[in-house]
Amino acid sequence: MHIDWAGLGEVALVSLLFGVGLAVLFAVGVTAMGRRAVALDEKRPPAMLDTAVASLCFAACLAAVLYGLYLIIPQFH
Amino acid sequence: MDLSFLVVVVIITALVFDFTNGFHDTANAMATSIATGALRPKVAVGLSAVLNLVGAFISTEVAHTISSGLVDDAKITVPIIFGGLVGAILWNLLTWYLGLPSSSSHALFGGLIGATWIAAGSGAVNFGTVVQKIIVPAVAAPIVAGVVALLGTYLAYKITARARKRSVDDGFRAGQIASASLVSLAHGTGDAQKTMGIITLVLITSGTLAQGSRPPLWVIFAAGMAIAFGTYLGGWRIIRTMGKGLTEIESPQGFAAETSSTAVLLASSHLGFPLSTTQVCSGSILGAGLGKRLAEVRWTVAGRMALAWLFTLPAAAVVGALSGRVANSGNLGVALIAVLALLAGGGLYAASRRKPVTSANVNEYPSTPAASSATASV
């Protein structure tokens, strides 16, 4: 009987990297979006930094979704 | 095309299994989105059904073995497959009635192992492979997914602590839709394909198709429709347990849980260490519950789920063994098992109607005094 502990460890590490990383990125993006929304509500121009951070975070999440689609759809391989 | 009575019955049984596979697993992808209101219940199951159907059509990889080496595939006969399917279907229906998520693949493997064991002796079962491909992943899956979801949830709350709550909730809800969709699509490519593989192998064994044939279009279509229809009906009892029963899920937790599930499932299937979708998703939800400070996790529910996982393989194996044995005696035996299985399935359905869980009350846990006594009596 052979148990592929290295394979399991690899799965755990990659999952941790992507799973936690995406949650963090999305949370940062949502926070920046929230600050923009508050600024707009108060009729202030939103900070450039917030817009940039939100766009970057969501773009990275979108890229991750596309990568997920690439992995799922066998025709891409 | 000359199909024997047995082959026709097995194909129908395989499609019924596919159907139960669909409604048993809707919860994996959609329970947290339904619980947080990211998607309305009917929209969620509809989206999941469509993605499962699409997944069924784009999956091209054909399974060449039914049991992935758990049993000696040369010893598998059509009655054994029939017995294995009956064991898996009845286990799926029983756990659905009890509102417990459990792995449809493990149920199928359990049924096949039992049926093969009785028909060809214990030597035909590769116990080492069972430990390696079922027991170890079953323990690892919820732990890995749980830790990822726990950290993700904890950090998501930490980061958004001072942000405006409405923006946070709306943002995470939108994100949930994407991750839930990915889980549904991945499910369709994996699980519908299993049924196609079984039907194709039965057709090859019976000489209807040539060795090494790919699934005919009608098989792909039938399997895709069966899993999609099952998904659309929605196993509301299981959705309620996963979305509301284990823990109260808020949208950041739902997002962290689904992101964890997606990451673990894709990593495991592409790094060659397959993990059960059901166990990954349940572990993620548990982790998301633990990751929020002071969130309540109902350990009795988690314990019942763990018990169900423990019993999946042996329970399906016993039913599979008995059904396979009787089916092996000829057409009369096959008909007898089919009728008994229909009666058992019908009985569970009738019992479920007494305290139905539908799209309307799926988010009420415990819903009514009647429903809470039902869960207490499990």
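Just so you know, the numbers here start at 1 and follow the chain as drawn.
For all residues, glycine too, the Cβ spot is worked out from N, Cα and C.
What TrEMBL records for B:6-23 (among others) is transmembrane segment.
Sequence-distant neighbours of the transmembrane segment (B:43-60) (same chain, 6+ residues past either end, Cβ-Cβ under 8 Å): 22, 26, 29-30, 33-34, 177, 180-181, 184-193, 196, 220, 223-225, 227-229, 231-234, 359. Annotation source TrEMBL lists transmembrane segment at B:43-60 (among others).
Below 8 angstroms of C-beta separation, residues 6, 9-10, 13-14, 16-17, 20-21, 23-24, 66, 107-108, 110-116, 119-120, 198, 201-202, 235, 237-238, 240-241, 245, 304-305, 308, 312, 315-328, 334, 337, 341, 344-345, 348-349, 351-352, 357, 375, 378 of the same chain, each at least six residues beyond the ends of the transmembrane segment (B:80-100), sit close to that stretch. The feature transmembrane segment is assigned by TrEMBL to B:80-100 (among others).
The transmembrane segment annotation in TrEMBL covers B:107-128 (among others).
Beyond the ends of the transmembrane segment (B:134-157), by six or more residues, the same chain brings 70, 103, 106, 109, 172, 252-253, 255-257, 259-261, 263-264, 268, 273-276, 279-288, 290-293, 309, 313 to within a C-beta distance below 8 angstroms of the stretch. Annotated transmembrane segment per TrEMBL: B:134-157 (among others), in sequence order.
Sequence annotations record features per position, and here TrEMBL assigns transmembrane segment to B:195-212 (among others).
Annotation comment: TrEMBL describes B:218-239 (among others) as transmembrane segment.
The transmembrane segment annotation in TrEMBL covers B:306-326 (among others).
Here the transmembrane segment (B:332-351) has Cβ contacts under 8 Å with residues 5-6, 9, 13, 79, 82-83, 86, 89-90, 93-94, 96-97, 323, 326 of the same chain, all six or more residues outside its ends. Annotation comment: TrEMBL describes B:332-351 (among others) as transmembrane segment.
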Cβ-Cβ under 8 Å with the transmembrane segment (B:195-212): same-chain residues at least 6 beyond its ends: 1-4, 7, 10-11, 14-15, 17-18, 21, 56, 62-64, 66, 77-78, 81, 85, 219-220, 222-223, 226-227
Long-range Cβ neighbours of the transmembrane segment (B:218-239) (under 8 Å; 6 or more residues past either end): 14-16, 18-27, 30-31, 34, 41, 45-46, 48-50, 52-53, 56-57, 95-101, 184, 188, 191-193, 195-196, 199-200, 203, 352, 357-359, 362
Close approaches to the transmembrane segment (B:6-23) from elsewhere in its chain (Cβ under 8 angstroms; 6 or more beyond its ends): 49, 52, 78-79, 81-82, 85-86, 88-89, 92-93, 96, 104, 108, 191-192, 194-195, 198-199, 202-203, 206, 208, 222-223, 226-235, 327, 331, 334-335, 338
